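J.: Copying in the features that TrEMBL gives for the protein in this structure:
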- 8-115: domain 'Ig-like' (DOMAIN)
- 121-215: domain 'Link' (DOMAIN)
- 167-188: disulfide bond (DISULFID)
- 222-315: domain 'Link' (DOMAIN)
- 267-288: disulfide bond (DISULFID)
């Protein structure tokens, strides 16, 4: 590009788009000039920019072609003749990340990078058989079963800045293993400074850790909700109690979403669908878990026959 600023693409001042799951998002890309013969190529960049290119769409002045998993949900809004922006509809958890709009005109190729951030919450998750039981694939599946996806490093970092402090290491989307520490203590890596502690890339097939999952509320307001049914239920009875209400036992991701997005606050332990017992605290107080920070508290995975808890239902 020359020094008069006549680059073919308008530079982005704030290339951060924030949306919730289920919503639509437009990723901006504006042409400053229209070369006579050009193509615009949209790709999603992989974590660490590794692996093959993830092309979504290639277009020119007359036509476009969609590619890959994102293609069917992608379109070109073309608000004006210089608009090469990309619209994604029905956002999913995995859609967060970095996208590149590249103007290919054969002389000098220009590109801008846009970050799409799905607004959500990160939660640590371990197997009911104890800590450090998941291979990378099992961690991916465990998050999916709890209405989540493996968190990216950026999502974990944001959660750490918001106070996530967790001693157990977990898999992330890029195959690395980390854990976030706000309050350094001897049991959690010693007296190192606060931050994201990392083990780096591990063997996805053989190494075993917990998982850091990411979930988001759907953007459609009032479409779903978590409620508590009080009682002294076994796990099986809790499931019946939810079905009587026209719902089902909530997933861990559902409870975290309600806590994060609706400030759900309940001092009573309740069964969830994975057999764990948890409760969400938005206003910390002495007799509700005894921890000064807000969060979702866990009683782990108690004996499912013990008649002790209420139920968190989702519908």
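Glycine too: its Cβ is placed from the backbone N, Cα and C atoms.
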J.: Note down the number of other Cβ atoms within 10 Å of the Cβ of residue 288 (disulfide bond), including every protein chain shown.
T.: 16
J.: Quick one: mean pLDDT on the domain 'Ig-like' (8-115)?
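T.: Summarising the domain 'Ig-like' (8-115) by its mean pLDDT gives 88.
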J.: Going along the chain, which residues six or more apart from residue 267 (disulfide bond) have their CB under 8 A from its CB?
T.: 279, 281, 285, 287, 288
J.: Among the disulfide-bonded residues listed here, 167, 188, which has the most company in the form of other Cβ atoms within 10 Å of its Cβ?
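T.: Per the Cβ count, the most surrounded site is 188.
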